[in-house]
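To start, the structure under review is shown below, and the notes come after it.
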Amino acid sequence: MQIRTKILASHATMAVVVTVIAIGIVVILRIGDANQRQLRSSYEQIRAINLIAAWANDYSEQVAEIFILGTDETEIDEAREELLAALSTKAQLVADEIAYLADEVDVAGERNELRRIETMRQTLEELDLVRRPIGPLLAEGRRTEAEAIYRRDIEHRLDTVLGALIDTATGIERQEVTDAIANSTVLSERLRALALVLVGTAALLLLGNALMVQRAISRPVAALADAAHAVGQGDLSHVVHLESRDEFGMLATRFNLMTTQIREQHDRLLRAKSDLEQQVAERTGELVARGAELENAVARLRELDASRAQFFADISHELRTPLTVLRGHAEVTLRASESTPERMRQTLAQVVRKADQMGRLVEDLLFLSRSEAGTIVVERKPVDLHEIFAEVLMDSQNLPRKAGITISPQQTSDPAMVEGDAGRLRQALLIPLDNAIRLAPAGTTVRVELSVVEGQALVTVSDGGPGFTAEEVQRAFVRFFRGGASRGRSGRGAGLGLSIARWIVDQHAGTISISSTPGHGATVQIELPLMRART
């Protein structure tokens, strides 16, 4: 017998096995599907009857609460509609179950269930008609008549008639679920027995087929298997020696030719793999670097976007508040029957203060816009920081502060000449001093110091305010960032001052930093190179 004939016989045996198994699987699936459908139907119906019970209870409570909460019947109507919808859902489920039931007894039981549902719907409609006069009676103050109608025509039917129907339906559905579970258990045992029979039959057929194949072609297959294993282990020089001239002999010849071709191709692939690994390593390094850059950029953009959103919300508030105050003072003055010069002066003083506040905010916004556009020109001239320091102290006297806050200045006698823009440097020094005065508690001291250390001019501003958290220290110089409520978030600041100060200091080749412990004040230090240190 040729190998082809033996293989055909083996295939026929396998086809029989597969057919038997397929038939068994189809039978099991059909039975399982019917059982699953029954379980699902039972579950949906018990769920539907639970919804009916819940909405019936809600409807009963809403009708009873009309005597307590008033004559608004919206919730009663909603509960009635939900109860009717639940009854319709239950009726549809029962109708769907009748469609696939074959037993007339079961069909009759489900039709009785439909009649009970219809009875519940009619009872609900009758109760609703009886309930309608209660609202108008309560609205007219005829509470006794309304209560009589409720006790005579509604309360008993809600608790006894409708409740009994729901309890009956619930009991029937629970029994159906119990029966379905019991049927499912019996069915599972039968399917298990059927599966065992299928497995046993398939095992016997496969065993006979295996014995036939083993006796007919075991040696050639073993030789080819050993050769395949050797090639799989990397021995591409392995050769299959078969003297037969049948299909296995031809297969052995082709196998040997294949190993020769694989060996040659393997050598080429190794060379290509080496080149590809080198290229992949290079590209991977580039992608990792670019990925990290992109992640950092995305994080910065998200942070900036969140800060901008908060900033514009705060700016709207900052501009709206003084404008509201200005309008209020003006309207009060205009409405006054007698406006004395003193009152006019007070109103104008308030207008000047609020206009100054808005002017500062607009100046900060204009500076921010120009710095981003690169249109701000920073002059490069010799500047005496002692003079700048004195001017900043004079300007600070006009800054608003809490009661009892004093400024304690201290400056070195050493020369402190730097190269830069005097106006911008004055602005950079005044910003942290303004923040310190604004945030310092009443009765405390704000310390300002100018010193010279190792060719650097140092300006430090210290206060006893709320200080910075570690996160706030890292983000304090980010544009649009405003600290938490402890740092005066509701005050005059708009999240621009420190970022503007940092921009100015950077333009003068200096540094600005913050050291702080939350609750124990903060120190802002500006460091600028002296002229002799840069020459």
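Heads up, the Cβ atoms here are built off N, Cα and C, so glycines get one too.
Curation does not apply to TrEMBL; its annotations are automatic.
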Among 76-127, 284-335, 388-439, indicate the range for which TrEMBL gives the feature coiled coil.
76-127
Secondary structure of the domain 'HAMP' (215-267) by DSSP, residue by residue, totals 39 helix, 0 strand, 14 coil
Averaging the per-residue pLDDT over the domain 'HAMP' (215-267), what integer do you get?
78
